[in-house]
Amino acid sequence: MGPTASGKTALALELAEKHNCEIISVDSALIYRGMDIGSAKPSAEELARGPHRLIDIRDPAESYSAADFRADALREIEQIISMGKTPVLVGGTMMYFKALLEGLSPLPSADEAIRADIQAEADANGWEALHEQLREIDPVSAERIHPNDPQRLSRAIEVYRISGKSLTELTQTKSAPLPYDVVQFAIAPRERKVLHELIGQRFRIMLEQGFIDEVAQLKARGDLHLDLPSMRCVGYRQCWQYLDGEFDYDTMVEKAVAATRQLAKRQLTWLRSWPELNWLESGAEGNLVTLMRQCR
């Protein structure tokens with residue numbers, strides 16, 4: 001695991017090529033078909049070297065939860081182990097890693113009709129009014145969720161309307177943790193400025209590869225919008241807004257790079273508090289040797 005642009009894929013491919021391993025992607029952007037450039041999806045050449053499971057498994061119009069990931073990942077892990085191989089989970093979606101390792105609370109699946117009702121109420125009365133509703137049914141979640149966070153606010157109210165129980169009540173029970181021995185590694189540059197430079201370089205390469213055309217094709221479908229989880233992925237939102245004429249090209253680049261750096265900061269914050277983690281430095285010689293030594 002590690003922040004975006006830290007070299008996770010390169011190390012995973014080296015591991016898969018030289019040892020009896022198969023890769024499982026742990027990335028909330030790579031699951032979507034047609035979102036290849038902006039998600040830094042492994043190239044056809046890289047996938048030939050080391051096939052990745054759990055990429056291209058959803059259309060961008062579809063939702064995909066941490067619970068969906070856990071179920072899919074457990075199935076893939078079992079299959080890889082049954083083949084006599086070692087699963088290697090690689091990615092930067094820390095919520096997915098946490099769900100897999102620790103288990104999840106038994107929350108109800110999304111209900112599109114209820115979500116539409118909640119959105120209609122928000123359009124009519126504002127999210128502040130819905131936040132007051134949440135405060136009445138689940139004061140603990142209301143303290144934690146800001147009125148300006150419509151995604152989490154909507155989900156908390158949706159859970160109550162489906163189940164009759166508050167999010168706080170339901171999250172007190174979790175499914176069983178991962179039933180396997182796990183060795184955990186994080187890879188990142190030692191200096192933040194190096195990571196920032198890598199992020200800027202990678203976004204410029206994405207633009208050269210045709211990222212704007214990729215977003216334009218997604219936009220032209222007509223069934224996608226910026227409230228979807230897929231279109232909230234860093235880079236895609238900013239490019240979509242640029243195509244809408246909200247700002248110029250240079251501002252789009254600046255905003256996309258800044259959003260990606262903020263994502264990396266959040267990822268590193270998660271990792272610094274992560275227990276039992278072995279750290280590797282991006283680009284350092286001998287990372288594979290160090291990794292294999294720790295796994296023995």
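Backbone N, Cα and C atoms are what each Cβ position is placed from, and that goes for glycine too.
Look at Swiss-Prot and you will find G2, P3, T4, A5, S6, G7, K8, T9 tagged as ATP binding site, backed by sequence analysis. Counting only residues at least six positions away in the same chain, the Cβ atoms of K8, G92, A186, I187, A188, Q267, L271, S282 sit under 8 Å from the Cβ of G2 (ATP binding site).
As annotated by Swiss-Prot, substrate binding site applies to T4, A5, S6, G7, K8, T9. Around the Cβ of G7 (ATP binding site), a 10 Å sphere holds 19 further Cβ atoms from the protein chains shown.
Residues or ranges marked as region 'Interaction with substrate tRNA' by Swiss-Prot: 27-30 (among others). Per-residue confidence over the region 'Interaction with substrate tRNA' (27-30) averages 98 (mean pLDDT, predicted model).
Counting residues per DSSP class in helix, strand and coil order gives 5 helix, 0 strand, 0 coil for the region 'Interaction with substrate tRNA' (151-155). Under the heading region 'Interaction with substrate tRNA', Swiss-Prot lists 151-155 (among others).
Long-range contacts of the region 'Interaction with substrate tRNA' (232-237) within the same chain, counting only residues at least 6 positions beyond its ends with a Cβ under 8 Å from a Cβ of the stretch, are 4, 28-29, 32, 35, 38-39, 203, 206, 211, 215, 218, 226, 256, 259-260, 263. According to Swiss-Prot, the feature region 'Interaction with substrate tRNA' maps to 232-237 (among others).
When secondary structure is read from DSSP and collapsed to three states, T93 (site 'Interaction with substrate tRNA') falls in the coil class. Around the Cβ of T93 (site 'Interaction with substrate tRNA'), a 10 Å sphere holds 20 further Cβ atoms from the protein chains shown. Taken from Swiss-Prot, the feature site 'Interaction with substrate tRNA' covers T93 (among others), and the record attributes it to sequence analysis.
The site 'Interaction with substrate tRNA' annotation in Swiss-Prot covers R115 (among others). A 10 Å cutoff on Cβ-Cβ distances gives R115 (site 'Interaction with substrate tRNA') a total of 16 other Cβ atoms nearby, all chains included. According to DSSP, R115 (site 'Interaction with substrate tRNA') is assigned to a helical segment.
On the backbone, the CA of S6 (ATP binding site) and the CA of T93 (site 'Interaction with substrate tRNA') stand 13 Å apart. The binding-site residues shown are T4, G7, T9; of these, the one with its CA atom nearest the CA of R115 (site 'Interaction with substrate tRNA') is T4.
Using a 10 Å Cα-Cα cut-off from T93 (site 'Interaction with substrate tRNA'), the binding-site residues that qualify among P3, A5, G7, T9 are P3. Residue environment of T4 (ATP binding site) contains 21 other Cβ atoms, counted within 10 Å of its Cβ in all protein chains. Long-range Cβ neighbours of A5 (ATP binding site) (same chain, at least 6 residues apart, Cβ-Cβ under 8 Å): A40, L195, L198, I199, R202, T260, A264. Ranked by Cβ neighbours within 10 A across all protein chains shown, the binding-site residues S6, T9 are led by S6.
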